[in-house]
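Participant: Have a look at the structure that comes next, please.
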Amino acid sequence: MKALAKLRPEEGIWMMDAPMPELGHNDIMIKIRKSAICGTDVHIYNWDEWSQKTIPVPMVVGHEYVGEIVAIGQEVNGFHIGDRVSGEGHITCGYCRNCRAGRRHLCRNAIGVGVNRPGSFAEYLVIPAYNAFRIPDNISDELAAIFDPFGNAVHTALSFDLVGEDVLITGAGPIGMMAAAVCRHVGARNVVITDVNAYRLELASKMGATRAVNVAEEKLTDVMIELGMTEGFDIGLEMSGAPSAFRAMLKAMNHGGRIAMLGIPHEPMSIDWGEVIFKGLFIKGIYGREMFETWYKMSALIQSGLDLSPIITHRFHIDEFQKGFDAMRSGQSGKVILNWDEAYTRHTSSCMCVDCATRHT
């Protein structure tokens, strides 16, 4: 089968002819319709320090996708051939204390699809049936393909009550932008997002941010005055992994504020713990999605009118994967979709014909 893989311990990702994955008794096999490129995939492409320590070579990568079930293991119940599914990318052990207590998102032994085991940049993917999530009929393939990062945004944003609150999001990557959309949708008052990337800040405004702030050009304190904020932010969502952004967040938080952290610093960082202690701040770490409460919330948010469509900015056929990675690596993109439909090759990725418009929904 056709697949994208990390074949060599150097920069790049390559197309290869991979063997079909083997189906276990408790597994399902998914024929992939659409994949999306994650920031993690870019790290793997770049072969940075984290990738060198983490990624086995060679291996098929990718973990954002939607497809249909084409085979079912003999012990599987609840799924049928033809079901349209995405899947939870963290495969848990099922026997550690957290798993047995129903907190599988905190599994001590979780392994990642496309990180520790073969991934979804392939024509076919096999995962445990437990990890599959059936996509409602009124949610498009494109949105379903980005449920993994959308789930990160939902888990982070909905960690705290948002109604009427002032929210600061540091980091306008795709997850930060989707978190901004979630916050506004569920009733936050002001949603301020910060970054230094002008393209993504403009896109964040389209996603619903009250103010998108380029901290290289504006002071966050001036924006707070502009918005009539006198006591600081109630909620902080740290999405950047940048120590300077987190330190700025701590200074901008109101007393008793709550912070959820998804961004991963590249190295250990120091902060002024006095800001945390004397303000009585609550800090929560976020890793992935809650299984499967976050997935049901994702579906409900979209079904209740949350519009994520601006976040998908580029579309390519899988054979044009290099263009997709170039777009992601440029920093001038939102989410990039790779289509596995062979009919898609008849048109360009920006084609506006009726057939392509249908495929893009």
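Cβ coordinates come from backbone N, Cα and C, glycine included.
According to Swiss-Prot, the record shows the following:
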BINDING   C38, H63, E64  Zn(2+) 1 binding site
ACT_SITE  T40  active site, charge relay system
ACT_SITE  H43  active site, charge relay system
BINDING   C93, C96, C99, C107  Zn(2+) 2 binding site
BINDING   I175, D195, R200, L262, G263, I264, I286, Y287  NAD(+) binding site
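Please situate the listed features within the shown structure.
Facilitator: Within 10 Å of the C-beta of E64 (Zn(2+) 1 binding site) we count 30 further C-beta atoms, all protein chains included.
DSSP assigns T40 (active site, charge relay system) to a helical segment in the three-state reduction.
Here the Cβ of H43 (active site, charge relay system) has 16 other Cβ atoms within 10 Å, regardless of which shown protein chain they belong to.
Within 10 Å of the C-beta of C96 (Zn(2+) 2 binding site) we count 16 further C-beta atoms, all protein chains included.
In the three-state DSSP scheme, L262 (NAD(+) binding site) is classed as coil.
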Participant: Determine, to the nearest whole angstrom, how far the Cα atom of G263 (NAD(+) binding site) is from the Cα atom of T40 (active site, charge relay system).
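Facilitator: Computed Cα spacing between G263 (NAD(+) binding site) and T40 (active site, charge relay system) is 12 Å.
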Participant: Setting C93, C96, C99, C107 aside, what same-chain residues sit with their Cβ within 8 Å of the center of the Cβ atoms that define the Zn(2+) 2 site, listed in sequence order?
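Facilitator: My list of surrounding residues reads T92, G94, Y95, R97, N98, R100, R104, R108, N109, A110.
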Participant: Out of C99, I175, give me whichever of these binding-site residues has the highest number of other Cβ atoms within 10 Å.
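Facilitator: Answer by Cβ density within 10 Å: I175.
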